[in-house]
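As given in TrEMBL:
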type     : residues : note
DOMAIN   : 2-72     : domain 'O-methyltransferase dimerisation'
DOMAIN   : 95-304   : domain 'O-methyltransferase C-terminal'
ACT_SITE : HIS233   : active site, proton acceptor
Amino acid sequence: MKTLFCACELGVFEHLQGSQSSASDLALALGCSEDGIERLLNTCVSLELLTANTDPHGAVLYSNTEMSSMFLLKSSPRSLCQSIEYSSRTIYLCWHYLSDAVREGKNQYEKAFGVNSKDLFEAMYRSDEEMVKFMHLMNSIWNICGRDVITAFDLSPFRCICDLGGCSGALAKQCVSAFPESTVTIFDLPKVVRTSQQHFVSNQDERICFCEGDFFKDELPQADLYILARILHDWTDQRSVELLAKIYQSCRPGGGVLLVEALLYEDNSGPLTAQLYSLNMLVQTEGRERKASDYSRLLSAAGFTHIQIHNTGKIYDAILAHK
């Protein structure tokens with residue numbers, strides 16, 4: 001991972017956009033040592049992030065792979081650059097204290113950043129810069145993965161949808177695109193809403209609106225369907241049931257809730273991505289990744305019935321439950 005972080009931070013993929021270059025030319029352009037950049041480039045070739053070809057004069061020329069052009073260029077609509085930057089500068093610092101997290105069973109924000117994590121999102125949004133970086137992270141995730149989870153079920157009967165913790169609005173955009181008769185209200189903290197309106201959601205997104213609040217403390221807007229996308233994995237079982245019960249009370253008759261999460265296998269043997277995410281929840285939050293049966297139990301405890309599980313075969317899965 002650190003190799004990827006380094007190559008992105010130095011601008012390797014940006015410099016190679018639509019062209020190829022030798023290690024010496026790249027070193028000069030990026031202000032790096034030729035020896036150091038050559039080692040980095042060759043490692044990126046082995047990671048299949050770059051290709052290397054020898055020209056007629058014997059010089060080795062490096063270029064981006066198709067995958068790198070799609071995900072590692074800032075100009076790409078499917079860019080993961082913001083996500084990678086957040087992982088490098090925030091998540092990776094928490095992982096430095098993984099051993100402590102395993103010993104103590106709690107997140108490591110205080111050691112990593114010197115901030116109290118009693119209020120989880122006050123710690124995560126400890127500065128406007130950190131909040132914007134996190135919003136870019138979520139925006140890039142749902143730009144790539146949102147369509148699969150939003151279309152896992154036919155949501156067209158749900159005309160009024162509320163995306164709790166909807167952040168940048170990327171998933172709301174996927175929702176109104178897939179279901180043109182629906183409207184989506186993004187419910188999030190006031191400072192998140194303001195930032196989303198300024199930087200992510202434009203006036204042209206007419207079927208998306210906002211409501212400011214804390215979903216644990218404030219009244220929820222009434223809706224036919226509530227979306228919790230990568231929300232419950234931040235919280236303990238007790239807090240999750242508390243939120244789901246509140247949603248159940250606000251939900252209109254015949255409505256429901258859509259959960260989007262990375263599901264663990266029932267025997268806890270995988271998938272590896274979900275297992276790693278669960279360790280990430282340990283170092284960063286109060287929560288964990290869960291099995292489908294775990295979410296079914298939490299939903300049932302809150303009063304929801306007719307629980308349907310849809311494994312997408314991708315990173316994130318979908319669960320639909322009804323009131």
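Cβ atoms here come from the backbone N, Cα and C positions, even for glycine.
Long-range Cβ neighbours of HIS233 (active site, proton acceptor) (same chain, at least 6 residues apart, Cβ-Cβ under 8 Å): GLU261, ALA262, TYR277, MET281, THR285, GLY287, ARG288, GLU289, ARG290. Using DSSP to sort the residues of the domain 'O-methyltransferase dimerisation' (2-72) gives these counts of helix, strand and coil: 40 helix, 12 strand, 19 coil.
Model confidence over the domain 'O-methyltransferase dimerisation' (2-72) stands at 96, taken as the mean pLDDT rounded to a whole number.
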